[in-house]
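Visitor: The Mg(2+) 3 binding site annotation in Swiss-Prot covers 25, 69, 201 and rests on sequence analysis. Annotation comment: Swiss-Prot describes 25, 39, 69 as Mg(2+) 4 binding site, evidence class sequence analysis. Annotation comment: Swiss-Prot describes 40, 41, 117 as Mg(2+) 1 binding site, evidence class sequence analysis. Among the features that Swiss-Prot reports, Mg(2+) 2 binding site is placed at 41, 69. Sequence annotations record features per position, and here Swiss-Prot assigns substrate binding site to 48, 250, 298. The ATP binding site annotation in Swiss-Prot covers 116, 117, 140, 203, and the record cites sequence analysis as its basis. The Mg(2+) 5 binding site feature in Swiss-Prot is assigned to 204; the stated evidence is sequence analysis.
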C-alpha cells in the first residue's frame, strides 16, 4: 500500500517528466496563434459517488470536472472524451444513466463528445478528458504582489452534504443540489483570461487551492476570515462554517488573483477575500490576529479524507 499522498505522487511524476511546466489545471501547447488546452479528471465510484447521487448525475459531474479545469485556465471548452471501466455485473440502467449524464453535461457546456473507450474493471471508473482553446492563459504561477484574491459563488455546501450523509442525517435540498449538480464556471473563466493574473478551480478546497497559487507563484497570500463567502445554510448547520468553507471540495468555483485596476471590467459576481503580497505562505486574518492557514481539503491515498479537518 502506498504511503504517499495524492499531491506527493503528482509532484514525483512531474519531477520525472521532461516537461516541468506541468502542474496547472490543464496542460497546454502552442497551436498557431492560440493555446491548445488538454486536461483529464477521473471519477471512481467508491470514493467519488455517494449514494445520494444518481448515475446520470455522476456522468454529468465528470464533464463538469473537466470543463472546470479548462475554465480555470481561461479557456473555451471544445470537446470531451472518456474511458469507462465497468465491472461485469453492472446493470444496464446504471450504464444508461451514466451515458445520459455525460450527454447532458456535454450539451450544457457546448462541448462535443469526440472519443471513448471501455474496459473491464473491479468498480465503475469514468476517466474523463477535455480539450479547449485559449488566447491568454491563467496560470497558478502568475499571481503578482498587489493582486486582490477573489472567489466566485458561495462555499461550503458540498462538504456539508457529505458530512450529513456520513452521519445519516437529512440533507437540506439546496445543500444537496450543489453536491449532486455542481456547475463549472466556464463563462467566468473566459472573461477572466482578459483581466486576471492567475486562477484555479476549487476541486479540493479553498485552503489547498490558495496554497497551490502561493507556492507556484512564490508569493504570500493573506485572506480575511470575515470576507470568506460561506453559504448561509451552511452557517446554520455546522459548528465551524469557516473551516468547512476552507475545506469544502468539488465546489468548482474559481479562485483568482487580479490587479485592482481591472476589477471594474468584471461583469459577474465575486467576492474579494484577500490580497497577494511579497513573501511566502498563506495566512488568515481572524479579528486582530494573523495565523498561518493550515492546508485543509480532500486528499486521496491517505484514507481518502479531508486532511486536518
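From the backbone N, Cα and C atoms, a Cβ is placed for every residue, glycine too.
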Visitor: For the Mg(2+) 3 site (25, 69, 201), what does the 8 A shell look like? I mean other same-chain residues with CB within 8 A of the CB centroid.
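Guide: Going along the sequence, the neighbours appear as 24, 26, 39, 68, 70, 71, 72, 73, 200, 203.
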Visitor: Return the member of 40, 140, 250 nearest to residue 69 (Mg(2+) 3 binding site) in space, with distance defined Cα to Cα and candidates limited to these binding-site residues.
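Guide: Checking each of 40, 140, 250 against residue 69 (Mg(2+) 3 binding site), the shortest Cα distance is to 40.
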Visitor: Give the residue from the binding-site residues 25, 48, 69 that has the most other Cβ atoms within 10 Å of its Cβ, counting over every protein chain displayed.
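Guide: That would be 69, with the most Cβ atoms nearby.
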Visitor: Inside 10 Å of the Cβ of residue 117 (Mg(2+) 1 binding site), count up the other Cβ atoms and send me the figure.
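Guide: Excluding its own Cβ, residue 117 (Mg(2+) 1 binding site) sees 10 Cβ atoms within 10 Å.
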Visitor: Given a 10 Å Cβ-Cβ cut-off, pick out the one of the binding-site residues 39, 40, 203 that has the most other Cβ atoms nearby.
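Guide: Of the binding-site residues 39, 40, 203, the most buried by Cβ count within 10 Å is 39.
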Visitor: Take the C-alpha atoms of residue 48 (substrate binding site) and residue 116 (ATP binding site) and report the distance between them in angstrom, rounded.
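Guide: Distance between the two Cα atoms comes out at 20 Å.
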Visitor: Any idea which of the binding-site residues 41, 204 has the thinnest Cβ neighbourhood at 10 Å?
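Guide: Lowest Cβ count within 10 Å among the binding-site residues (41, 204) is 41.
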Visitor: Tell me which residues of the chain lie with their Cβ under 8 angstroms from that of residue 201 (Mg(2+) 3 binding site), as long as they are six or more apart in sequence?
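Guide: Correct list: 25, 68, 69, 71, 72, 184, 185, 209, 252, 253, 254, 255.
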Visitor: Given residue 39 (Mg(2+) 4 binding site) and residue 203 (ATP binding site), what distance in Å do their CA atoms have, once rounded to a whole number?
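Guide: Residue 39 (Mg(2+) 4 binding site) and residue 203 (ATP binding site) have their Cα atoms 14 Å apart.
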Visitor: In whole Å, note down how far the CA of residue 40 (Mg(2+) 1 binding site) lies from the CA of residue 250 (substrate binding site).
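Guide: Their Cα atoms are separated by 15 Å.
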